[in-house]
Amino acid sequence: MTLFNQERMVYVGNEKGLKAGNGFHYYNPDQVVNGKKMSEWLKFSVAYWHTMDQRLVDPFGDGTAQRPWDNIEDPMEQALAKVDYLFEFLDKMNVEYFAFHDRDLAPEGNTLRETNQNLDIVVDKIVAKMQETGKKVLWNTSSLFTNPRFVAGGATAPFADIFAYSAAQIKHSLEIAKRVNSESYVFWGGREGYESLLNTDMKLEQDHIAKFFRLAKDYANEIGYTGQFLLEPKPKEPTSHQYDTDAATTIAFLKTYGLEKDFKLNLEGNHAYLAGHTYEHEVRVARDAGLLGSLDANMGDKLIGWDIDEFPNDIYEATLVMYEMLKNGGLPTGGLNFDSKPRRQSFDMQDLFFAHAAGMDTYAAGLLVANKLIEDRVFEDVLDDRYSSFKTGIGADFEAGKVTFKDFENYIIDKPQSELIAATKSGHLEQLKSTLNNYIYTVLGR
Ligand code: XUL
Ligand code: CO
């Protein structure tokens, strides 16, 4: 069985030409960057739901892609064949990890018991393939949003039976996480939000989902599953108001309910756009809180208002996100999961291959540039200078906790405007952006 007429992807650099398609141009897995191999910094992961299951639908049209396994009529046979294709794809792409929802893997039955039985058959095969190949699961998750029973949410549903179903479904998913040794376990609250306050008890729903998360963690502890729990923020789509709107909201939720020791964040590029933030902003917020877990590496489109899950190709964004990742000391239990799909007009099987390569090269290039920026202390020196007035005088006294509002008043009250203006400095942003561009050109031009 072969997916592509393509050879296994290896690093070729740019010596044989600049046109993409014949190997990685920047992703060189064994190249050492700041003491670690690129493959250790960049734990790339293939998303089962996109790469195996997506047919490239958009909100106005059916899928355009046809996959070879679509021709297998029996749903379980098809589900089992997809596992073979996935492992071949991982091997050809030289990607070590994958990620999945429970429902990506196998068809549902009429009861949860039947559904679990279908799922377990496929998981058995996945476990065997993992042992054979050494491939790993970055994270798994559970779909509490696709089936109509989740019309009003799963863990925030106003219906106790649906809440019960959700809890039982996650229980089984955690058992799978233990079996496949997932490095993290993700919750994306697809329908955990609301459309209108007119029929929503927001406080009750949030209390419920917080208790749900606590029960999930308790069960993980009970069965000895030690992967990192992650919440994945998104501001809207499908509900108008998702409870996990952005990194800051999600951190506030975790702290409100005392869950911050057990959860970190999985941050996605396109979700940041939808929240009106840059990707690097979201990653910075999580890093500053010590809660950066993993990255769903994709990007949005400023011209389109919905979540398009585009494969990353923006070197500027990738550089700034990799800067945050390096400053975080890496992502101990996380990686870069391509929650991404080719464009609707890129429907060939080969496009799956090109799309992943584009994403991997973009982040590899971003890593190289970010590492050089840090080596040269480009932003660090700027920040040291910009905040230097807090290192001496009144600023240092304030930092040491020695200054009251009265002291500030005494200190400042007679200073003339000219001295206050003299205390400010230019931010030199254009020069700094030009420096950033120079680093991108120069590091990648080598
Ligand atoms: C949806 C999304 C999900 C999560 C996993 O926008 O990002 O695919 O990553 O449920
Ligand atoms: Co995602």
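Backbone N, Cα and C define each Cβ position, glycine as well.
Predicted automatically and left uncurated, TrEMBL annotations should be read as such.
TrEMBL lists H101 (among others) with the feature active site. DSSP assigns H101 (active site) to a strand.
Look at TrEMBL and you will find D104 (among others) tagged as active site. Taking Cβ-Cβ distances under 8 Å and a sequence separation of 6 or more, the neighbours of D104 (active site) in its chain are Y48, W49, M52, D53, S143.
Sequence annotations record features per position, and here TrEMBL assigns Mg(2+) 1 binding site to E232, E268, D296, D339. Around E268 (Mg(2+) 1 binding site), the same-chain residues six or more apart in sequence whose CB sits under 8 Å from its CB are E232, P233, K234, L295, D296, N298, D339, listed in sequence order.
For H271 (Mg(2+) 2 binding site), other Cβ atoms within 10 Å of its Cβ number 30. TrEMBL lists E268, H271, D307, D309 with the feature Mg(2+) 2 binding site.
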Beyond E268, H271, D307, D309, what residues of that chain have CB atoms within 8 A of the centre of the Mg(2+) 2 site's CB atoms?
K234, G269, N270, Y273, L274, D296, N298, G300, I308, D339
By Cβ count within 10 Å, point out the most packed of the binding-site residues listed: D307, D339.
D339
Cα-to-Cα gap, H101 (active site) vs D309 (Mg(2+) 2 binding site), nearest whole Å
16
Cβ contacts of D309 (Mg(2+) 2 binding site) (under 8 Å, same chain, 6 or more positions away):
H50, N270, N298, D339, S340, K341
